[in-house]
Every structure is written in structure tokens, then in C-alpha cells.
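Peer 1: Below are the features I grabbed from TrEMBL:
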{"type": "COMPBIAS", "residues": "289-301", "note": "compositional bias 'Basic and acidic residues'"}
{"type": "COMPBIAS", "residues": "302-322", "note": "compositional bias 'Acidic residues'"}
{"type": "COMPBIAS", "residues": "324-336", "note": "compositional bias 'Basic and acidic residues'"}
{"type": "DOMAIN", "residues": "15-58", "note": "domain 'RING-type'"}
{"type": "DOMAIN", "residues": "352-555", "note": "domain 'B30.2/SPRY'"}
{"type": "REGION", "residues": "186-212", "note": "region 'Disordered'"}
{"type": "REGION", "residues": "289-336", "note": "region 'Disordered'"}
Amino acid sequence: MSVMATADVRDELSCSICLILYTEPVMLPCGHNFCQGCIEKVLDTQEGSGAYSCPECRQEYEERPALPRNRTLGNIAERFRPTETQLGETGIFCTYCVLSPVPAAKSCLLCEASLCDTHLRGHSQSHKHILTAPTRSFGERTCGDSICVCVSCCRIGEHRGHRVELLSEASEKKKETLRQVLEKLRPEREETERGAQRLQERRREVAEKSAGETERVTALFRDIREQLEALEKRLLNDISSQKEKIFLHLQGLMEQLEIKKDELSRKIRHIEELCNMADPLTVLQERESHGAADNEGGRERDDEEEHNVEYDTEEEDSEGSDSEGGRERDDMKVPPEEDLDVILISEIIIQSLEGKVSEIKRSYCPRENSFLYLDSNTAHHLLKITNGSKKAEKNEYWADRKVIDQTSESFLDHTQVLTTRSFHSGRHYWEVDCSKAVNWRVGVAYPSIERGGHHSHIGNNNKSWVVAQKASIRNGKFQCSLCAAHDGEETSLSDPQVSSKPIKQIRVYLDYEAGRLSFYELSETIRHLHTFTAKFTEPLHVAFWVREGSVTIQQ
């Protein structure tokens, strides 16, 4: 049997699911055959939908179909396997048949790939694509070009018949490439310098903030030094540890940028020297002469530096495009999360000083807002506002309220509500009881948030910031996942390795001027959930969404 005929037979004996020869083939009532293991997996996935169908013709069955074995087809497939093995005696298989090895019929010297009969039909018929017997030795058939040769070698020597060009023309082509690289390296160096300056400024800000927090913590413990020296030492060490951790990270970034700047400067100087050379031969032979100069000078270079200036233009283009477009590179951005967690330090102090909690809250924490009330005018018609306008409960029996109490401020499509009070300055915090609900969203929103449509859901637009809890049942187990949402983008806050339990109480901190919104879980230990950083441009209302159950603003 020919190779082409073998390929055609092999296609008929291949499962349409796994695309390899049948293994224990079975037949559906519609007449199509599949590997027993393949079709059973497909039927298992369809079991939850209550309907089964053939993957080939889509014929549906109300019950899971029986799978009788097709012994005739199985015997033919088994007899075909030895034939396929014999065809592959050369050990050279098709480059493009990745699911199972198929013997190669030809090899293309231009593509440096081996092809079976199936892929050979769709291969380019150009004369440049030279086809030979299957081979692995593509490298032995190439010529080491890109070297300088004399006229005699071109006409009668070993390079006879090769494509050649004048030294001056080759030199100009290389110079043009170098100029393009130079145009990309210069703005990149400038952006690197700006990134280093920004890191210096952030380091100074962190140092000032660290000093201020250290002084405040020290003053707080001065009056109770005898009883709480251990606690004071612990907190100061925590602050110092955070500062040193941030410093260490910023210092590492600064050192990387300095190294990068020096490397870029070295490359630029070297390329400028090449571009200013008048001798074209020297430019083209730059690799050898540069390596020799390095050896004579005794300088040591990494392997990457010895590659001279044969840069990967694709890499340079991708790296340089951000600079040309005015966008800031990721490795030059000042990380916004590198800051002292002052709120967490405050909470540790509050929990430790049991007898001094009230005093510490007054001197150390943002102002607690016990005068927050839910605005029934903004509430969805299925939300019942009770408990002195502190509690929002979803109640399906309130469906008639849509006609009676709905206003122009009411949310139309999502069971959510805003507070009557908003914040336009200052530092504040409030606590929310979420123990009576499992699917909820808690956060803040601008008063201009849309009242209807998909984008009116808090967290799905650029006018709200929330932390959301979602409940689901996986493998018969009840699980909760947590995420932060803003402008439709969600950031997972759950640890996939840890079984997440529903959050019962949450505390929210707002520093309006600093543009920081922080969420903490209140349990036996305080756990930081997420911090948003933004430039707020409107007053912020506290916002809630609940799918079932209720959420309550704590007194």
C-alpha cells in the first residue's frame, strides 16, 4: 500500500474526538463510531444537561445511549498499526502532526520541516521550496554566508553562484539598522532615568511617612511604658520591618535601573562609534575586531555582550513601542502598593490595649461614622429598609413596592441601595454585618452612578468600588469566593488552597484626600482584604448590593 493510500485509510480509521486510530471502537445508534473512552467522557459531560447527542451529527437522545462494540472496525484498526510502524522505519515523522506520529513523505529544505502526504498537499509549490527525501540534517545543507569574500572566490571559488553585494551597500544597510536601534535606545534611556527619579521620590515619601508613624506610636506608648514595653517594641519592629522591606524592594529596582542605564549608555556609545566610522569594511567586521579589542583590554563581558550589536529587531521593536507611544514601562512604574499599612498597625494597637480601646480610637483612628443611614429613595423595589434605616433586606414579597415607592433615584435592575450621607473629604470608617447574606457587595459609589442597566451594578462601572462575596456549590461542598471589583474588572482575593468561609463582618476605611479605600475582615484576627487607590472626583456614598438575606450597618 502506498504512503498516500495509507494516509487515506488512516483517516477513515481515526476517531473524530482524539484524532488517532480507534481504540476499542463503539457505535452510537446514529451509526457513528468513536473510541469507547472518548465517547464515554463526552457523555459524562452531557449528563448534567439532561440531554445526550452525537458529537459527529448532533443527533439527540433522551436517555444515555448504549455503546455496542464494533469488533470489525476494531480488528481493522489493530491490523493497520503494524503497517504504520513499518512506514515509520526511517524514524522521521511529520513536523505538523502533533497529536500522533505520522511518517514523513518529504522534507522541505527552505522550511526545514518534514511533511506527511496530507500536509504535503497544502505545502507551497514555489521553486524556492526544495523537497527531498525525509531528512533530519537540515543544517548540513546550508552555507555560512554573511562573510567578506574576494572576486575570485565569488567566480571560481567555493562561493561560486552565491548571492553577493558590494561592501559599501552592505555597510549602508547595516548602518540603517543600527540607526533604527539607536532611535529606540535613546528614549528608553531617558525613560529609565525618569523611572529612577520617581523611585527616589517614593523612597523619600516612605521614609517621611515611616518616621511620622514611628513617632506617633512611640508617643502613644509613653504613658503606659511599664506595662506595655513588649507591645511597643513589637509595633516599632513591625513598622521598621515594613519600611526596610519597602526600601529593599525599591533599592533593588533602583539598582536594576542604574545597571540598565549604564548598559544602554555603553551600547549607545558603541553604536555611535560604528555609525561614525568611514571605513565600511571595519563596520562589517566589527564583531571580530570588537572581540579582539575586549581581549586586549582585559575586560570581561557576559555572553550576551559578546553578541555585539546583532540585536533582535523584533524584541527591540516590541520594547521600544511603549516608549514611542508615551506609555510608561511596567519595570519603571513606581509600585503603588509599596506603602506602610497604617490602618493595620492601628488595629493591632486597638486589639492589644483592651482597657484603652476608646482612648486609642480617639487619638489614632479615623472618625467612626455611626450616622450612616440607608436612603430608601435609592433602594431597589425588592429591598426592604428597616432597623432605623440601617438594614437592607431582599424581600420578594415587596414586588408591589415598584409601583408605590419607586422614584427617579431608585435602582431598577439590581437589588442595591446607597446611603443618605456622602463623604467629600476626611478620613472615615464604618462596619457592616454581612452574616445574614452570602452573596453581597459592599463599597462606595458616586451619586451620578447609573440607575438602570448592566453597568448600574456597583463594581461594574468606573463610578463604584466594591468588595464582593460569591457563594457556590462545588463537588457537593458549599464554598465562598471573594473579589474586588471596579469598572467591570474583578481581582480575586480568595486563596484557592484554602476553603473560604463566609465573611460575617467587614470594616471599610476611606481616606478621601489620599485616594485610598481599604477593606478588612473583622474576626478573631483582623485580615486585610484589599485596598483601592484612586483620585476621587465626586462625593462618595456607601453602597450595598445583596442577592438574598440582608446586610446591616453596625451602630
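Numbering starts at 1 and runs along the chain as it is shown here.
Every residue, even glycine, has its Cβ placed from backbone N, Cα and C.
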Peer 1: Report, as numbers and ranges, which residues of the same chain sit near the domain 'RING-type' (15-58): CB under 8 Å and 6 or more residues beyond its ends.
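Peer 2: Counting only partners 6 or more residues beyond its ends, the domain 'RING-type' (15-58) has Cβ contacts under 8 Å with 64-70, 73-74, 77, 80-81, 84, 99-100.
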Peer 1: Roughly where does the domain 'B30.2/SPRY' (352-555) sit in mean pLDDT, to the nearest integer?
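Peer 2: The average pLDDT of the model in the domain 'B30.2/SPRY' (352-555) works out to 86.
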Peer 1: Under the DSSP assignment, what numbers of helix, strand and coil residues are found in the domain 'RING-type' (15-58)?
Peer 2: 14 helix, 9 strand, 21 coil
Peer 1: Per DSSP, what is the helix/strand/coil residue tally across the region 'Disordered' (186-212)?
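Peer 2: Grouping H, G, I as helix and E, B as strand yields 27 helix, 0 strand, 0 coil.
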